[in-house]
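**Q** There's a structure below that I have some questions on.
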Amino acid sequence: MRGIRIGSAFGIPIKLDLTFLIVLPLFAWLIGSDVTNLALVVNDLFGANIDGAAISAGSMQWVLGSAAAIGLFAGVLLHEFGHSLVAMRYGYEIESITLWLFGGVARFKEIPEDWKQEFTIAVAGPLVSVAIGVVSYVGFLLLPESQAPAQFVLGYLALVNVSLAVFNMLPGFPMDGGRVLRALLARNRPHAKATQMAAEVGKVFAFLLGLFGLFFNLFLVALAFFIYMGASGEAQQTVLKATFQDVVVRDIMTGRENLDVVDEKTSVAELLERMFVERHTGYPVLRNGDLIGMVTLDDARGVKEVERDAFRVDDIMSDELATITPDADAMDAIALMQERSVGRLPVVDETGELVGLVSRSDLVTAFNIIRSRGSLDAMPRSDAGLAQLR
């Protein structure tokens, strides 16, 4: 998830997704426009005597709405720091924390597979939310009735933070409760299988939440979609990681001796003819035996038919190459392809010499062969994971 970096804390970059710039004022407006009713809720729950009509007069309702919305997302940020700081104690690297439409996301460089560590990391966030709720409630109790606006904000934050902690602990993987479920399942079964089981529970939860949202709140439908996609995506990623465990690029690449390449001076017309005959959609481009670029079918399609004899490969090729080494993990190749939105990677040695090519087709073939060998008997027999390779 990309975002605008606004700072860092504890060495963790803090980012804002563009959707956050929409949702923050939206929440401020929603809270501000309903101050009177929310004050009644706070009064009923905490035995207060806040005059909802008084604190909603004039511009005060929008000030309170803004303060409550900012406090809400500050709590979300602290929630994510709860996860992140515990993870860092276990030695995991946190790439960033991003605030966005549905709250916050702490991006881990590596997903914990030790069930005790994942359990502790998962519960840390909700515990922070509960702590924020308790502190807000104590502040609420200490304030005199004359400070009704501040009482309202603290009472609201106490209620919302505890509610968010409870909601997050529901088994909607990849929410915190879903990660707790996976951790408990992984006590006596492989991590990949535990992930598949938690993901299935998460999908059912998402379906029920979406159904509930259709009748009561369309925002819940969007949240359910996010949960469903998150559960599917992490299940696929886990299957890939388990499949390609201990597999390096050298094991699955097409070696230089079997590699079809194209010279930089080949015409686009000749290139398209070769693509048709050899059934390839991309080639490394060489100059005097050295790799200088990659050319794909999309590059060739960009040339008008009447100009294809005049244009050469070096006119249309990409020379900003994403390359990988033969000893890199297969998962690194997958991640790089996804990051750069390419279907193939030239494989180069430490001197920069081309030694092969790894493509999505190579990865799909290797995926199917490895699973067909029965080396993953402990895992569910499904094609989850292939979607990320295609």
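Just so it is clear, glycine is given a Cβ too, placed from its N, Cα and C backbone atoms.
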**Q** Among D17, D34, D176, D246, find me the residue TrEMBL lists at the same Zn(2+) site as H79, H83.
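**A** Only hit among D17, D34, D176, D246 in TrEMBL's Zn(2+) site, alongside H79, H83: D176.
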**Q** Enumerate the residues of the same chain, H79, H83, D176 excluded, that satisfy the criterion Cβ within 8 A of the mean position of the Cβ atoms of the recorded Zn(2+) site; list them in sequence order.
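**A** After dropping the recorded site residues, what remains is E80, G82, G104, A106, A122, A124, G125, P126, V128, S129, N168.
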**Q** Among the binding-site residues H79, H83, which residue has its Cβ surrounded by the fewest other Cβ atoms within 10 Å?
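**A** Counting other Cβ atoms within 10 Å of each of the binding-site residues H79, H83, the minimum falls on H83.
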**Q** Give the number of CB atoms, excluding that of E80 (active site) itself, located within 10 Å of its CB.
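**A** Other Cβ atoms found within 10 Å: 25.
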**Q** Same chain only, sequence gap of 6 or more: which residues have a CB within under 8 Å of the CB of D176 (Zn(2+) binding site)?
**A** H83, A122, V123, G125, P126, N168, M169
**Q** Reduce the DSSP letter at H83 (Zn(2+) binding site) to three states and note it down.
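**A** Where H83 (Zn(2+) binding site) sits, the three-state DSSP reduction gives helix.
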**Q** Which stretch, 120-143, 150-170, 204-228, tops the Cβ pairs under 8 Å count with the transmembrane segment (52-78)?
**A** 150-170
